[in-house]
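Per Swiss-Prot, these features apply:
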{"type": "SIGNAL", "residues": "1-25", "note": "signal peptide"}
{"type": "ACT_SITE", "residues": "E192", "note": "active site, proton donor"}
{"type": "ACT_SITE", "residues": "E262", "note": "active site, nucleophile"}
{"type": "CARBOHYD", "residues": "N263", "note": "N-linked glycosylation site"}
{"type": "CARBOHYD", "residues": "N389", "note": "N-linked glycosylation site"}
{"type": "CARBOHYD", "residues": "N473", "note": "N-linked glycosylation site"}
{"type": "DOMAIN", "residues": "744-831", "note": "domain 'SUEL-type lectin'"}
{"type": "CARBOHYD", "residues": "N777", "note": "N-linked glycosylation site"}
Amino acid sequence: MAARVAAAVAAALLAAALLLPGAAAEWTLTKKGTVVSYDERSLMIDGKRDLFFSGAIHYPRSPPEMWDKLVKTAKMGGLNTIETYVFWNGHEPEPGKYYFEGRFDLIRFLNVIKDNDMYAIVRIGPFIQAEWNHGGLPYWLREIGHIIFRANNEPFKREMEKFVRFIVQKLKDAEMFAPQGGPIILSQIENEYGNIKKDRKVEGDKYLEWAAEMAISTGIGVPWVMCKQSIAPGEVIPTCNGRHCGDTWTLLDKNKPRLWTENWTAQFRTFGDQLAQRSAEDIAYAVLRFFAKGGTLVNYYMYHGGTNFGRTGASYVLTGYYDEAPMDEYGMCKEPKFGHLRDLHNVIKSYHKAFLWGKQSFEILGHGYEAHNYELPEDKLCLSFLSNNNTGEDGTVVFRGEKFYVPSRSVSILADCKTVVYNTKRVFVQHSERSFHTTDETSKNNVWEMYSEAIPKFRKTKVRTKQPLEQYNQTKDTSDYLWYTTSFRLESDDLPFRRDIRPVIQIKSTAHAMIGFANDAFVGTGRGSKREKSFVFEKPMDLRVGINHIAMLSSSMGMKDSGGELVEVKGGIQDCVVQGLNTGTLDLQGNGWGHKARLEGEDKEIYTEKGMAQFQWKPAENDLPITWYKRYFDEPDGDDPIVVDMSSMSKGMIYVNGEGIGRYWTSFITLAGHPSQSVYHIPRAFLKPKGNLLIIFEEELGKPGGILIQTVRRDDICVFISEHNPAQIKTWESDGGQIKLIAEDTSTRGTLNCPPKRTIQEVVFASFGNPEGACGNFTAGTCHTPDAKAIVEKECLGKESCVLPVVNTVYGADINCPATTATLAVQLLLASHVMRIAICVRPMLFARNGIVTSVLAHILGHPEWDRKSLRVKMAGRQNPCPDFTPTKSYGYLFSKPLVALTVSLDSNLSP
């Protein structure tokens with residue numbers, strides 16, 4: 001056996017060596033001397049027209065350890081391009097001091113794109129909006145005299161040009177532009193200027209012309225674009241941003257290609273917003289409407305939104321960004337959005353020759369029905385897009401002598417102008433739903449300690465003025481928090497005689513939230529919203545005879561990210577009075593105010609191990625405002641994404657091992673009765689196996705014992721498919737632009753596949769007929785077939801995948817039922833079979849965990865295994881891992897040199 005296993009190890013070592021870094025595919029998309037140009041039809045790479053399916057992934061919104069997987073997954077989704085903004089305030093936090101480390105390592109991110117054989121679009125801006133703090137503009141710009149942002153204003157143009165040229169040179173030095181052999185094929189100057197151009201009038205046109213000329217003068221060798229415009233200066237290409245650019249946007253310059261720089265895959269959300277979704281069907285419909293009319297580049301904004309870590313989100317914007325994108329906040333594929341768009345990309349690319357070079361024609365087939373055709377008669381190639389633009393009205397049209405059924409608000413692709421190979425409303429791919437699981441590792445030692453911030457008094461503050469100061473000028477974007485404090489004297493006849501009558505403090509604020517204290521007693525909280533420019537804090541409070549101290553902690557949920565008046569946006573107390581006194585209203589606005597920017601915990605970095613040691617901690621208590629809480633937790637096993645559930649808390653900040661996870665605000669309840677976001681992503685890259693420091697700053701009231709560390713899975717998969725769907729993409733292929741069937745059975749089928757290490761445990765729902773709803777919320781219709789669930793159980797239970805025919809006879813359905821849509825809806829619950837492996841390795845043979853992982857994977861027959869699922873410990877020469885206690889062991893012992901492998905498995909799997 002030893003010889004047999006030794007041979008397996010040797011083979012595994014060879015295979016592992018081939019998998020080590022450096023074995024990436026050679027870059028072939030561009031080379032030194034590549035020419036990127038354009039004509040009226042498309043961008044051209046070395047004179048060849050091409051199609052570009054792009055996805056927005058912003059490098060600062062995910063840790064570098066996630067970038068490669070995100071880009072690889074995007075490529076699996078049929079994309080060939082990744083788009084990103086460049087974040088000025090992240091790269092130049094102080095004038096002339098640049099930062100390109102960690103999540104802001106732009107060059108590393110572009111190299112990841114290059115290593116995965118994809119193009120890049122870089123939107124330099126440098127104003128970007130992006131729901132990013134201050135629209136990406138550094139705060140210090142506001143302190144430059146006479147500056148007006150994004151205008152024909154010399155101070156702004158000087159700083160803008162300096163940064164643009166700095167970024168361009170940095171990209172050139174790294175050989176990132178296509179003519180240098182790099183991935184960048186397109187760059188953007190400015191951003192959605194049409195939104196504020198009306199405020200700039202003639203000066204706005206001058207500014208745009210200057211920006212275009214300045215950008216072109218940098219000589220990057222690839223085209224520049226200006227987005228959300230119908231026309232752009234000179235050779236700059238205007239592009240569209242929006243949901244339905246095929247129907248809402250007109251390109252005025254007919255010598256330039258139709259490019260779509262932002263196809264919004266959902267609606268970004270702010271605290272207080274309810275869930276906002278955009279269906280896969282609507283996105284696909286919009287894309288094909290745009291391509292039917294000649295579009296050749298679409299960029300999904302966002303394809304992966306990621307996380308607004310720390311304080312990077314704009315005013316009120318959720319910490320989780322575009323979670324409804326094709327890849328969710330954690331990088332997991334959101335089905336059916338991911339798969340339905342992947343199929344669309346593959347279909348169009350299969351017929352790119354007819355599409356890019358064919359003669360275009362247009363036909364009206366009826367009210368709301370259109371055909372857009374692309375034909376190359378000499379090559380016998382024909383491609384047609386049949387559109388039904390009517391809402392709620394399915395229909396059948398006659399096109400070139402044949403009848404075609406086209407659902408409402410959908411587009412069908414006819415690959416040879418007669419065979420339907422894709423319809424935007426007919427979804428084949430499975431659906432999926434997320435679930436959250438509290439792990440044993442994180443539930444242990446759930447012991448919290450706390451430290452409460454001191455409430456400042458007027459006489460101890462250093463910045464004192466007659467009236468309250470503007471907030472941003474004090475915090476300078478280094479903190480969300482500014483203390484305002486004032487003191488005043490009351491006599492006994494000032495106070496109400498009745499004890500049931502309490503004075504009321506009224507404060508008008510243009511900040512985002514406020515916490516009030518009177519004589520150190522908590523008074524209450526107040527807040528605004530994204531839609532309100534100000535709010536009124538109005539709370540009763542207890543006052544006393546003598547000196548009374550008022551302290552208000554004003555907070556900002558990010559700086560505004562757009563608008564022509566961005567430099568003029570203010571925050572803080574605008575008016576303050578006390579009502580309900582016997583002597584009338586007391587106006588405190590001119591009473592004299594003290595200010596303290598930032599929290600003590602921020603100043604001393606309480607969220608780090610070093611900073612934490614400067615404070616006296618005590619056992620945690622519930623429902624204390626302005627309090628820091630801390631505990632330690634171990635990293636959950638496996639590689640599932642990790643979140644922290646903050647449902648038991650109210651509002652504040654989260655830190656893990658010194659990293660700012662972001663703002664939370666679970667006390668801001670939507671109209672639906674729940675928080676906009678209650679779980680917050682903790683990237684595994686921020687963690688170590690044991691003893692992770694979790695720090696919470698709670699502004700209001702909360703119960704830290706209820707905070708949960710959880711893992712995220714997509715445990716429910718679904719299919720929702722009709723007999724009317726066209727043949728699945730897997731049943732045909734393109735042969736020189738001609739359609740070719742590759743399967744004998746082209747009937748409609750629903751295919752359900754489990755993720756790795758999962759099997760089908762339960763059929764939660766199954767119905768054939770006219771079911772309604774969505775994955776996780778299906779309901780049976782009036783034509784429901786009672787036998788459907790038993791049939792699906794027989795076909796699927798215990799398996800890693802199953803194929804379900806979508807044929808009424810299989811389920812005993814009554815095809816004559818008046819309301820039937822011949823639709824199958826199935827929801828399956830998956831079982832998790834996670835194999836936990838622990839290895840004790842003697843020295844000399846194995847130097848890297850990655851090789852150990854590959855060896856074990858090959859020995860055990862699980863090549864998909866990754867190092868996150870393994871625990872590796874190097875044994876000492878005299879001490880063979882004494883703390884290693886596997887539950888079930890399989891030993892392997894070799895010599896020359898010695899190596900010992902001890903493998904521990906759980907009960908789900910055996911070697």
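Cβ atoms are placed via backbone N, Cα and C, with glycine included.
Known features from Swiss-Prot, placed on the structure.
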residue: E192; record: active site, proton donor; Cβ within 10 Å: 18
residue: E262; record: active site, nucleophile; Cβ within 10 Å: 23
residue: N263; record: N-linked glycosylation site; Cβ within 10 Å: 26
residue: N389; record: N-linked glycosylation site; Cβ within 10 Å: 17
residue: N473; record: N-linked glycosylation site; Cβ within 10 Å: 15
residue: N777; record: N-linked glycosylation site; Cβ within 10 Å: 11
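Checked against N389 (N-linked glycosylation site), the recorded positions E262, N263, N473, N777 differ in C-alpha distance, with N263 being the nearest. Helix first, then strand, then coil: DSSP counts for the domain 'SUEL-type lectin' (744-831) stand at 13 helix, 33 strand, 42 coil. Using CA atoms as reference points, the recorded positions E192, E262, N263, N473 were checked against N777 (N-linked glycosylation site), and the closest is N263. The closest partner of N473 (N-linked glycosylation site) among the recorded positions, by CA position, is E192; the full candidate set was E192, E262, N263.
Across the structure, the residue listed as 'active site, proton donor' and N263 (N-linked glycosylation site) are spaced 14 Å apart at their Cα atoms. In three-state terms derived from DSSP, N389 (N-linked glycosylation site) belongs to neither a helical nor a strand segment and is classed as coil. When secondary structure is read from DSSP and collapsed to three states, the residue listed as 'active site, nucleophile' falls in the strand class.
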